[in-house]
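Novice: Handing you this structure, nothing more for now.
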Amino acid sequence: MGFLDIDNVTKSYGAVKVLNETEISVEEGEFLVLVGPSGCGKSTLLNMIAGLEDVTSGDISINGRRVNDVKPAERNIAMVFQSYALYPNMTVRGNISFGMEMHGVPKAEREEKIAKVADLLQITNLLDRKPGQLSGGQRQRVAMGRALTRDPDVFLFDEPLSNLDAKLRVDMRTEIKKLHQKLGTTIVYVTHDQIEALTLSTRIAVMFGGNVQQLGTPQEIYDNPANMFVAGFMGSPAMNLLPARLERVNGAMCAVLKVGDGSTITVPFPRAEDLTEGADIVLGIRPEAMTDPEGADRDSNALTETELPIDVVEPAGSDTYVTVALGGKDAIGRFRAHNPAKAGQPARFTFDMAKAVAFDPETETRLA
Amino acid sequence: MAFTKTSKLLATVAFTSAIGSAAMAQEVEVLHWWTAGGEAAALNVLKEDLASKNVGWQDMPVAGGGGEAASTTLKARVAAGNPPTAAQMLGMQLREWANEGALGDLSSVAEENNWAEVVPAAVQEFAVNDGKWVGAPVNIHRPNWLWINAEIFDAQGLTPPTTWEEFNAAADKLQEAGITPLAHGGQPWQDATVFDDVVLGIGGPDFYRKAIIEADMDALGSDTMVQVFDQMRKLSGYVDENFSGRDWNLATAMLLNGEAGMQLMGDWAKGEIIRADMVPGEDILCVAAPGTEGSYLFNTDFFGAFDVSEESKPAQMELAASIMSKEFQEAFNLVKGSIPARTDVAPDNFDACGQKAMEDIVEAADNNALLGSMAHGHGQTSSVQRAMFDVVTEHFNSDMSSQDAVEELQIAVESAML
Amino acid sequence: MATAPTSEAVTAGTGTPPPGGKTRASVNIPRIVLYVILGLFCIYYLLPLYVMLSNSLKPLNEITSGGMMALPSDWTLAAWRSAWSEAQVGVAATGLKPYFANSFFMVIPAVAIATLLGALNGYVLTKWRFRGDTILFGLILFGCFIPFQIVLIPMARALGFLNISGTVSGLIFVHVIYGVSFSTLYFRNYYAAFPTELVRAAQIDGAGFFTIFYRILLPNSGPIAVVCVIWLFTNIWNDFLFGASFSDFDSQPMTVALNNLVQSSTGVKEYNVHFAGAIMAALPTLFVYIVAGRFFVRGLMTGSVKG
Amino acid sequence: MAQPMTGRSLRDWLPKLVLSPTVAMMAIFVYGFIFFTTYLSFTDSRMLPSYEWVGFDNYATLFKLRTWDIAVNNLLIFGGLYIGICCLLGLTLAILLDQKIRAEGFIRTIYLYPMALSFIVTGVAWKWFLDPGIGLEAVVQGWGWESFEFDWIKDRDMAIYTVVIAAVWQTSGFVMATFLAGLRGIDGEMLKAAEVDGASTFALYRRIVIPQLRPAFLSAFVVLAHMAIKSYDLVVALTNGGPGTATEVPATFMYSYTFTRNQMGVGAASAEIMLLTIAAVIIPYLWSELREKK
């Protein structure tokens, strides 16, 4: 039993089920990120944890207490909203103070806490302004300040960074992470941005279609995606998902892929050793496992080098992305910067098959 | 004059009545539509008279549409179970409310004061329902007057017409002289006032009674009725082109300032005449509408007494008694232009037209020619009355043939009586 | 945007550049034509007011002698004085003066209650949604369209039954009933655009149903409240049918008095007094329009327009 | 700590409790009364309600009445023109006023003020103004244009249009305000984008702006439809149904039969027809509203 338990929870609106039987257990101090495309049920789940939406069936408990029928205010949680939800008619001070006021905190204590939080977030000079006079980043801080005064059991974040511009988003991301490290509070954080999920979390729940597709550490999710959806959703550029056939060549299991010109390449695939020979699979391989030979991870035990014709070259500063036709799809490989590869010419590739995975094309789940 | 009489009365009453407490012992709430100028002031006479008897007056005026708005209010008040002590009503309304069983009984005060002796029988027909006095009449108006601009008639060498043929001849002559023969406002009740006059003038009192009051289908469809509409058609040619929608008083103004030669209108027009510093009977002649000499159309304002609680009844009786007092009847009707509803008020203070009306009504009553005016709520129930209005107005404002009008009239009346 | 939806949407709106972008040229022909057209429409809208105003400043004989469209040749305030305090509007010659109080006693509570109820309804219908709420809203909205003529008699019965017939309370009651549909419409549409996250944040902050309403929603409802108040004030102030039917001798509103002043059937018509009275009777509403007119457009913009 | 169960049920019930007075009022004073009227329309009620069942007699009477035909026709003419012209004029004025006009607030108030005036008396001013003998026609002829004619109010075929003129005067300012508000709500960026795309002012309005005013159109339409159907004061003050019965509308018809003519049954029947008409106009609106929300 964890600190925050989501036990077999479902949610439906009439006949429409938006969240299927969901089980998540969060330990104290964990930073759980719920990630998925819009409509996947992540915000619904967060709202149910907050008590803003009713649970259709199942139980939610926080700190050992079943909270299904407890008012949001009494769940000892704090929430930061996507739009920050600052009360436009109140000053920053009023916004931060409102929750404490509602909980009957004496004025002196409120003032003290406001001062502390404002100091922590460096918004002391903004306390007497109205939200309309603040920039996006400042509003974000105020919203967090409001949450911080609560000393909650659980912090809930509902896409708090999505309204900020790219630079500010990165800065605030770091601040949130710092804050978590400093306070050690349990956090449930909803986002649709997989980078946020990977950078912030201690654990990630990838959600799609009302189901948790995979729950695990960022590393597990990234390296061993449970299915093709997770594989495609997490990581950027996305994992290449290439139709292939398993064949045993010289006793070693290999993946056979079609190349653009109709020929095939065969790469040894030790991870698939236990799978059926002759089976059609979808080979999942991340761009950083399809590199120029010099860029390959020399520690890997499953490197294969081959030559492939390049369709497109995209220099991206630190890396160069090259596109080749593989298995009837466009596959992206990551070369080092300043690589001489040219579109229309063949180039040498190194496949790091230790990092490749295999999916069942029918069920889309990971086979190996 | 009215005021001296009232104050005298006030003095006597103050002398004889209670050892006056300042607060009114009783109150009457009176719904009426006399809200403007002289008539409202005249009603104040009644209020003060009651005050002298220690009865307070709660004024509930609702004007509009010749009592239409007040009648709606009255329905709402009755439906709410909160009727006023008394409400102003026209004859037919009084009858309809009495038939609904909403009215009380003034018989005791009526007997005490011998109302039956002094009120004309035709008026009593409305005031007495099922043997009970249900309302007190305030006045008797005569809608069948023809008002004539004496100066114009002199200048054109005309004499007041006594028949519709004479009227038409005079009108033709005025028209040739570039004067609008008939000042008229195209509103249904004004059209109907004229229609009443034509029916009575052409058909005579018996025909009027049959066709209008009894709504006899044969009479309504008779040749006489065709002639009536023929005459209405002629009249529609004697009005100016902008007559439609005009208020009656603006029509009277045309008569007064010489734009028009004649107007068919009730005796309330006298107020306008006097206000323009002219003398009714001299500057503006008053004669019975063509062919109606000897007959008298009337409409009377009653105060219908509602069936109020026992404790309010004494005040209600006081109110009724005050209304029927000679003093009030005289004072009020001098202002209103009508004549008292009791025949024993001395005519001395009335103007020439008033005095003529007081003579005419006696004659008409003797000849059984004192008839309720359809246009003014004393000829037919509201539904039939309005059905008649519809046809008369429609005919007057279009080129409908007299034959068609007669047929329409029969259909309309029949369906309204259902 | 979401933090300050109301104020910002408003100011952003007024800053909209005129489409067509023809503002730079300071004097040009289209611009002059534009002002001429707008001016002509001003005349159209002001003409009846001119007729009323100029005739209210004339002696009566100037009007009845045919000079209805002309300016007064003999200016006088007598008609205004008469309409205010001297004219006969019943047995007593009190003018309209005493009836203003009656109207205010009726209008102010009725507007306040109907607005507050509408605000609460709008709050529930948008922020505490439940199954069937939209249909319920539709049913409430239909109340806007009920012809008053048909409710007169049954309503009279109901008022009698409740023992408030002929009282100011009765009139307030009736006006609240038939005003609440409109106020609910306005507030619901307004609150629909009001961010629900604010309500959620307040819930988490520990605010209850009513606290959220008066601490969070109400302080941000200025514009729509103005729209609602203007609409209700105008309608209730100008109502005649209910005022005439459900009032008593001591609760008759302004419009009934004005009507009594104007609609004498067989008395002399003092048109100058009528017009003076009419303008006088409209002054409170005109005042509300002029003072609140700015907010009116803003309120409509953020409220009823966004369906 | 609050008892979970009571806290829960109160939370569930409180919003509904708050809504309940309104719901009760609507149930009784709108729907109850509609039901009552429906019932009356099948009875022989005359001066006051009566409960004698007569089936469809009142409807039969109603449909035989020429005045009713006229009233319904007039409502169609009046309603159509009134709503159409108000929308067109309101939109035009709103667009004109949206061109950064100096003294906009002042002009706006002038356009809006007629809503504040009661028609009890304004009607008289209009009546005079439209009267050929004293109003516009007389004035223009006085200026020397002898052949100028404007006598619609006296003309049976044209009188209903004068009602439209006065009604438009009263409400078009309000519609203008609604549209102006809608215009101000349109995203400025989009207009800039369209301008960059090379749209002419006309095209800009026709293709970009006006389509976005749809909610404003609907709001205006509801208010106008409500006013058109309830146009009682206006007609009474201006023409009182005349000349003849040329400007009778259902609202005046209904009032007249219910209260003046003491044929409450027929009045109730006409009210029923009116309610059905209103429903026919409003329900599609509500339907589109509801659909949008889902």
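Note that Cβ sites are derived from N, Cα and C of the backbone, with glycine treated the same way.
Remember, TrEMBL labels are computer predictions, not curated facts.
Heads up, here are the entries from TrEMBL:
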{"type": "DOMAIN", "residues": "C:100-292", "note": "domain 'ABC transmembrane type-1'"}
{"type": "REGION", "residues": "C:1-22", "note": "region 'Disordered'"}
{"type": "TRANSMEM", "residues": "C:32-53", "note": "transmembrane segment"}
{"type": "TRANSMEM", "residues": "C:104-124", "note": "transmembrane segment"}
{"type": "TRANSMEM", "residues": "C:136-156", "note": "transmembrane segment"}
{"type": "TRANSMEM", "residues": "C:168-191", "note": "transmembrane segment"}
{"type": "TRANSMEM", "residues": "C:212-233", "note": "transmembrane segment"}
{"type": "TRANSMEM", "residues": "C:275-297", "note": "transmembrane segment"}
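Buried or exposed, and what's around them? Tell me for each listed feature.
Specialist: Counting residues 6+ beyond its ends, the transmembrane segment (C:32-53) has Cβ neighbours under 8 Å at 68-69, 275, 278-279 in the same chain.
Here the transmembrane segment (C:136-156) has Cβ contacts under 8 Å with residues 121, 125, 165, 174, 177-178, 180-182, 184-185, 188, 241-242, 245-246 of the same chain, all six or more residues outside its ends.
Long-range contacts of the transmembrane segment (C:168-191) within the same chain: residues 102, 105-107, 109-111, 113-115, 117-119, 121-123, 125-127, 137, 140-144, 146, 148, 151, 155, 159, 162, 217, 221, 223-224, 227-228, 231-232, 235-236, 239, 242-243, 246-247, 251, 253, 302-304, 306-307, each at least 6 residues beyond the stretch ends and with a Cβ under 8 Å from a Cβ of the stretch.
If you look at the transmembrane segment (C:275-297), the same-chain residues 6 or more away from its ends with a CB under 8 A from one of its CBs are 49, 51-53, 55-56, 79-80, 82-84, 87, 96, 100, 103-104, 222-223, 226-227, 229-230, 233-234, 237-238, 254-255, 258, 261-262.
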Novice: Under an 8 Å Cβ to Cβ limit, what residues of the same chain, 6 or more beyond the ends of the transmembrane segment (C:104-124), are close to it?
Specialist: 133, 140, 168, 171-172, 175-176, 179-180, 182-191, 213, 217-218, 221, 225, 228-229, 232-233, 236-237, 243, 251, 253, 284
